[in-house]
């Protein structure tokens with residue numbers, strides 16, 4: 001009996017504290033922890049902490065994936081810290097691709113503003129969900145699942161991604177496998193790729209061993 005009472009008390013206490021504090025603008029001078037950044041003192045909070053202007057500028061797609069992501073996460077946009085939201089701009093040149101990746105800390109909703117994007121994710125039972133998105137379409141990617149975006153048209157594509165966290169996190173599968181110093185033999189054992197393929201990919205992505 002005591003446990004439910006204590007649980008209810010602490011739940012109400014935490015809810016009350018959350019309601020009392022209007023916001024928690026990130027103190028970028030302090031380290032980020034699992035719960036996000038610590039809060040700036042209210043006296044040092046400015047209106048610019050709640051404004052981000054970078055999403056109007058196209059990203060540089062002159063790279064190996066022909067894509068660019070401009071994040072407005074807590075580290076770039078302090079005002080979203082603690083609010084459970086963030087946004088990013090995605091630019092895809094012709095042939096551009098955002099390889100398989102995950103966001104460990106948030107689900108994502110993608111809005112296509114320009115062009116055609118082939119997007120999809122793979123569920124935990126290995127079922128793929130794939131769709132070609134046109135201007136005005138949206139697609140959701142559940143938290144933690146591998147997903148990707150590819151420019152499926154003959155012109156540059158632009159999209160905006162919203163996240164259910166101020167710091168959704170990012171891990172790109174190709175980089176996790178091949179942009180590191182894990183031994184080629186170990187990667188071969190765990191992926192069933194041959195050593196020559198692994199060394200080639202490590203060479204392209206900057207891995208060693």
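Placement of Cβ uses the backbone N, Cα and C atoms for every residue, glycine included.
Note that this is a predicted model, so its numbers are computed, not measured.
Feature annotations, reproduced from TrEMBL:
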| type | residues | note |
| --- | --- | --- |
| BINDING | 101, 103, 108, 147 | Mn(2+) binding site |
| BINDING | 103, 108 | oxalate binding site |
| DISULFID | 24-39 | disulfide bond |
| DOMAIN | 53-199 | domain 'Cupin type-1' |
| SIGNAL | 1-18 | signal peptide |
Listed disulfide-bonded residues (24, 39), ranked by Cβ neighbours within 10 Å, top entry: 24
Listed in sequence order, residues with CB under 8 A of residue 103 (Mn(2+) binding site) and six or more positions away: 141, 143, 144, 163, 165, 168, 169, 170
The domain 'Cupin type-1' (53-199) [mean pLDDT, rounded to integer]: 96
Residue 24 (disulfide bond) versus binding-site residues 101, 108, 147 - nearest by Cα: 108
Cβ neighbours of residue 101 (Mn(2+) binding site) where a neighbour is any other Cβ within 10 Å: 19
Secondary structure content of the domain 'Cupin type-1' (53-199), with strand meaning DSSP E or B: 25 helix, 56 strand, 66 coil
Residue 108 (Mn(2+) binding site) CB neighbourhood, other CB atoms within 10 A: 22
101, 103, 108, 147 excluded, remaining Cβ within 8 Å of their centroid (Mn(2+)): 102, 121, 141, 145, 146, 168, 170
Candidate nearest residue 39 (disulfide bond) in space, where candidates are the binding-site residues 101, 108, 147 and distance is Cα-Cα: 108
Cβ neighbour count within 10 Å of residue 147 (Mn(2+) binding site): 22
